[in-house]
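Quick look at what Swiss-Prot lists:
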type	residues	note
TRANSMEM	1-21	transmembrane segment
TRANSMEM	39-59	transmembrane segment
TRANSMEM	87-107	transmembrane segment
TRANSMEM	111-131	transmembrane segment
TRANSMEM	144-164	transmembrane segment
TRANSMEM	183-203	transmembrane segment
TRANSMEM	218-238	transmembrane segment
TRANSMEM	246-266	transmembrane segment
Amino acid sequence: MDTFQVIILALIQGLTEFLPISSSAHLILPAQLLGWEDQGLSFDVAVNTGSLLAVVMYFRRELLSMFTAWTSSIVTGKQTQESKLSWWIILATIPAVIVGFSAKGFIETHFRSIEVIAATTIIFGLLLWWADKMQREGFNEFQVGWKKALVIGIAQAMALIPGTSRSGATITAALMLGLSREAAARFSFLMSVPVSLGAAILVTKDLLDSGQVIDYQALGLGIVVSFIAAYICIHYFLKIISKMGMTPFVVYRLALGAVLCGFIFL
């Protein structure tokens, strides 16, 4: 990958990782329009690491408070709202871990196509619109509970299907369960930490096992670009949804799905 390709794809990944619009749907477009080949494991390591660092940096105070409360709850047995939230995040991660280890190969083989990505982009865009329209109660993330956390975790596991969008699926589920828009987004972002950490570790292992020559310059550039893009994305996404809701992202998903359908049928 040349420098231009690294920058463009890292920008796309960083900007779309935390928006409910599907990063896989966007990464397929450069391949279709410019004939770019698969990005390779080095790029996957870079963008996973950059996105993880961005969400950890943005929510550093919340994560530190949660981690401190969680470790204290293990030692003392006493639960606070921060420790409960930590346990719910852990619970919500389990479905994605199970599906990821048991069905990743099957999903990559049978669902990683432009037809599937186009369909899921549109279908889950409509579900996001419906969930946002129906959202009424406005719970915060400290009121989730283990049942809601598990349902949101199942939605995250479904997002392993390309085009679904991890943040889109989890935010949709959270809205359906009565969380406010901001709380749904924050819970989704916090959920991304263990998932992104696990993905970064697994992809790094795959890279080391593959024996590929590592392009450290491209790796470093990808981390920096995806970190900056993801950090900015998180900040402005939270501001946008508090004022405009999910409608802009629904419209965008439907338009993107239409473009992908154009590649299929034209």
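Heads up, residue numbers simply count up from 1 along the chain you see.
In case you wondered, yes, glycine gets a Cβ from its N, Cα and C as well.
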May I ask you to check whether the transmembrane segment (1-21) and the transmembrane segment (218-238) make contact, with contact taken as at least three Cβ pairs under 8 Å and only pairs 6 or more apart in sequence counted? yes
Do at least three CB pairs under 8 A connect the transmembrane segment (111-131) and the transmembrane segment (246-266), leaving out pairs fewer than 6 apart in sequence? yes
Stretch contact, the transmembrane segment (144-164) with the transmembrane segment (39-59), Cβ-Cβ under 8 Å, 3+ pairs: no
How about long-range neighbours of the transmembrane segment (183-203): same chain, 6 or more residues beyond its ends, C-beta under 8 Å? 17-18, 41, 44-45, 48-49, 51-52, 55-56, 58-59, 62-63, 66, 85, 89-90, 92-93, 96-97, 100, 138-141, 144, 152-153, 156, 166-167, 170-171, 174-175, 234, 237-238, 241
